[in-house]
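Read through the structure below, which is laid out as structure tokens, and then see the notes.
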Amino acid sequence: LQILGNVSEFQRVVSVLQEGVDFNIDVNASVFETNIRVVGGLLSAHLLSKKAGVEVEVGWPCSGPLLRMAEEAARKLLPAFQTPTGMPYGTVNLLHGVNPGETPVTCTAGIGTFIVEFATLSHLTGDPVFEDVARKALKALWKNRSDIGLVGNHIDVITAKWVAQDAGIGAGVDSYFEYLVKGAILLQDKELMSMFLEYNKAIKNYTKFDDWYLWVQMYKGTVSMPVFQSLEAYWPGLQSLIGDVDNAMRTFLNYYTVWKQFGGLPEFYNIPQGYTVDKREGYPLRPELIESAMYLYRATRDPTLLELGRDAVESIEKISKVDCGFATIKDLRDHRLDNRMESFFLAETVKYLYLLFDPDNFIHNDGSVFDVVITPYGECVLNAGGYVFNTEAHPIDPAALHCCRKRKEEQWEVEDLMREFYSLKKSKKFTLKRASDHGEGESGKDPEDASSEKGGEKRNYKNSHSLLSCPSQSFNSKLAVLGQVFLDNT
């Protein structure tokens with residue numbers, strides 16, 4: 001709302017949120033969705049609130065009601081990460097933690113899509129536990145990649161065995177790769193970028209054919225399904241973020257031909273046949289192709305990208321507009337509509353379209369202007385540009401992650417002094433091993449190691465959760481050849 005200029009509505013929503021939301025409820029929630037929508041949305045709103053004219057408390061951006069709310073929501077997700085591998089369960093009960101009967105099978109994206117929100121939360125609050133668990137999950141996926149450098153799309157978080165072995169860049173995997181790049185940019189982290197670049201080599205070697213990306217068997221590299229999924233259309237935008245603009249444009253133009261063929265992107269598109277896949281003909285107004293157009297236009301100023309934006313606006317207006325919103329297109333072949341509008345249409349599709357056509361928006365700031373905020377910890381530079389969008393298109397200001405560093409360092413110093421004091425009392429010397437500050441590019445240490453002391457003692461985080469006993473249950477489901485897990489009754 002703030003990006004679209006509706007400041008008064010943004011202020012109203014923030015005031016409602018500040019009254020408090022109770023997360024202590026008996027509800028089973030998706031760990032992935034809660035993170036990208038709730039935690040990510042609250043963090044972004046917190047960081048944008050001053051710019052939107054909301055009165056902020058002393059200590060902002062290192063404190064504030066929306067930040068506290070984001071932290072509370074994220075803490076409800078931490079029990080999901082208490083597994084032998086550090087990879088989280090897909091669902092957690094907000095009141096009771098992980099249900100004893102919860103399936104241990106989680107999609108790759110559901111494991112690797114936390115570093116943006118959780119690292120931001122750790123840097124703003126000074127509590128390293130969020131960034132630590134996110135990094136441990138990322139490293140677990142990296143450790144369990146195949147010998148040819150690929151990952152499947154579903155894994156058992158208890159045993160680290162791959163349940164679905166289709167490798168690609170689309171459904172079930174997509175935002176894992178996205179967060180390696182965006183996490184590297186946000187945190188200036190060489191390790192995360194090197195992980196992605198290694199994956200990128202394997203993806204090019206085994207899945208890329210004529211600027212299309214297919215699905216292959218993760219251990220053999222043999223093609224398992226020659227389809228393009230609409231979710232994969234984020235890839236050209238991701239390529240542009242690492243400077244691979246030429247390859248990005250070629251792939252984008254392939255995807256754009258599909259859009260022009262149907263007036264939207266079908267969920268699945270059979271590349272050899274040049275047509276939709278049975279039961280996957282719909283278009284729920286997804287943002288990925290428009291997202292890529294926005295990134296690529298910033299990099300190239302190619303007018304073709306504006307043409308896609310114009311086509312998207314005209315197509316959505318003509319095909320999907322109804323009295324009370326914009327409906328999902330159930331079938332692109334005849335443009336029949338479904339009685340639903342997905343939340344990502346407003347959160348992402350409309351936002352990326354707006355930003356594509358608004359070159360002067362503050363989101364596109366090149367650093368020539370910025371704000372200086374006085375905090376109890378010193379001066380803080382904000383709104384200088386370089387915003388990193390989470391996978392639900394909530395922008396995070398990377399400069400904010402540096403605002404609370406002094407506060408965090410002081411917290412470590414106090415804890416060091418306390419440790420030293422008590423160790424002297426016990427006539428036992430040991431030094432505290434600080435968790436490395438990944439914001440400065442130090443990323444060689446494992447998060448599990450970074451949270452321990454040289455003396456072998458574990459750091460006790462505030463409000464830490466005890467390990468849960470979550471027995472591995474039999475997984476009664478079948479795998480579709482299209483890289484997704486479906487229940488037996490579907």
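All residue numbers here begin at 1 and follow the chain in the order shown.
Glycine is treated like the rest: Cβ placed from N, Cα and C.
Worth saying up front: this structure is predicted, and the values here are computed from it rather than measured.
Feature annotations, reproduced from TrEMBL:
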ACT_SITE  Glu33  active site, proton donor
ACT_SITE  Asp174  active site
ACT_SITE  Glu267  active site, proton donor
ACT_SITE  Glu288  active site
BINDING   Thr391  Ca(2+) binding site
COMPBIAS  435-460  compositional bias 'Basic and acidic residues'
REGION    435-471  region 'Disordered'
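When the recorded positions Glu33, Asp174, Glu288, Thr391 are compared by the number of other CB atoms within 10 angstroms of each CB, Glu33 has the fewest.
If you measure from the Cα atom of Glu267 (active site, proton donor) to that of Thr391 (Ca(2+) binding site), you get 18 Å. A separation of roughly 10 Å, to the nearest angstrom, links the Cα atoms of the residue listed as 'Ca(2+) binding site' and Asp174 (active site). For the pair Glu33 (active site, proton donor) and Asp174 (active site), the Cα-Cα distance reads 14 Å. In this structure the C-alpha atoms belonging to Asp174 (active site) and Glu288 (active site) are separated by 11 Å.
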